[in-house]
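Beneath this line is the structure, given in structure tokens, with notes to follow.
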């Protein structure tokens, strides 16, 4: 692992094996599947992205146009450099504090929190400490964090499907109507469509190495393979997302009249010392451990599982988060990071290369330049049940990364870490308990005879020295 982390993650392993092109950007954009699969994967993390961006826009007066432009640039850069569908997502703890705690954070205070978190990650990346953490953190603890985040996303997705959501206050409302353009039936229909088209997320449900003892089943098996191949080629998540966009205009036709063409005016924020102090204490402190664990460590572990030939470096991911925010936060863009849930969602719906997030970046850039901040009128009418359907699959895919625990001890540590993270609503608390539990279990198995031998040897040396010097 140490050797892998020291190599450059921006090119991947396979670039020198292919003589077609030695350009790293070309290699990053080389499609692993079809273009439709990459397009489907590009919207895999929007179930998390849209609700948080919409809430910050409505509550904290975040300029959506500016955020779309900068996150588009981030998407394009990370897709080209890492070569995997590396997501760009909001910093969730900062967003939660900004929209739910009183007094509400101002936009300069949100930017200060994002810049403070970015500075810590940039320092950890440049000094190599992040790489050290990545190499030596116990895998069951990391899996526990991933499991808790995946289940948290899934619980939130179920709430989106069942209940009306007030993103401005961050609270769930009454039960969602059974019928209607944002009813339970619509959300369930989207979930059924996604299950039928993508299944459990496996590329192929059948193993070619399986013995086929009954010859008469061969033809049936081939028919099933052909059907599954056709279903998996459908960009299901993209279709569901486009359906949601169409329903935005059906639910509120007046949106068209209120749209204003043209990008938002980009201004430099004035951040006072008081903004720095409030932003750091109230928002950056809870965000930093979450960014270290979920935005860097968990992302790198998950990328190693999903893309063994393109395992990204913890150092590069940490520096990437720092650089992105030092570019955009000064202009009022939303603080962002990478997230394991976003990577799982994009992979779940077909993203296999950097092209997936580059496509997403191009779409965001077009929307930001054409509609600017007025695009929030469209997002405010987006069916929340459809967002729940997309978020559900992203959460389940992330949680399933924890299925590789090989012993009861590893599963025990992982489940305790996940349980504490979920009940305490803090990944940092669960992480701390997981580390403590892991060390206690290792201490329990420690062989104390070596210490006794060392003591006897020390006593013998002392007696010999005393005899030589009476």
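Here the Cβ of each residue, glycine as well, is placed from N, Cα and C on the backbone.
Annotated transmembrane segment per TrEMBL: 64-84 (among others), in sequence order.
The transmembrane segment annotation in TrEMBL covers 110-134 (among others).
Sequence-distant contacts of the transmembrane segment (178-196) (same chain, six or more residues past either end, CB-CB distance under 8 Å): 160-162, 231, 236-237, 239-240, 243, 247, 250-251, 383-386, 388-389, 392-393. The transmembrane segment feature in TrEMBL is assigned to 178-196 (among others).
Taken from TrEMBL, the feature transmembrane segment covers 230-250 (among others).
What TrEMBL lists as transmembrane segment is 312-333 (among others).
Listed as Cβ neighbours of the transmembrane segment (354-376) (distance under 8 Å, sequence separation of 6 or more from its ends, same chain) are residues 28-31, 35, 38-39, 41-43, 54, 57-58, 63-69, 71-76, 78-88, 258-264, 346. What TrEMBL lists as transmembrane segment is 354-376 (among others).
If you look up TrEMBL, you'll see 382-400 (among others) marked as transmembrane segment. For the transmembrane segment (382-400), same-chain residues at least 6 beyond its ends with a Cβ under 8 Å from one of its own Cβ atoms are 43-48, 50-51, 54, 146-147, 149-161, 164-165, 176, 181-184, 186-187, 190-191, 194, 198, 201, 237, 240-241, 243-245, 247-248, 251, 302, 340-342, 344-345, 347-349.
Cβ atoms under 8 Å from those of the transmembrane segment (412-441) belong to residues 137-138, 140-141, 143-145, 147-149, 151-152, 286, 289-290, 293-294, 402, 405 of the same chain, restricted to positions at least 6 beyond its ends. According to TrEMBL, the feature transmembrane segment maps to 412-441 (among others).
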Query raised in the report: Apart from its near flanks, which chain residues at least 6 from the ends of the transmembrane segment (110-134) lie with a Cβ under 8 angstroms of it?
Result: 1, 5-6, 56, 60, 62, 91, 94, 97-98, 269, 271, 275-276, 278-280, 282-284, 287-288, 291-292, 295-297, 300, 313-319, 321-326, 329-330, 332, 334-337
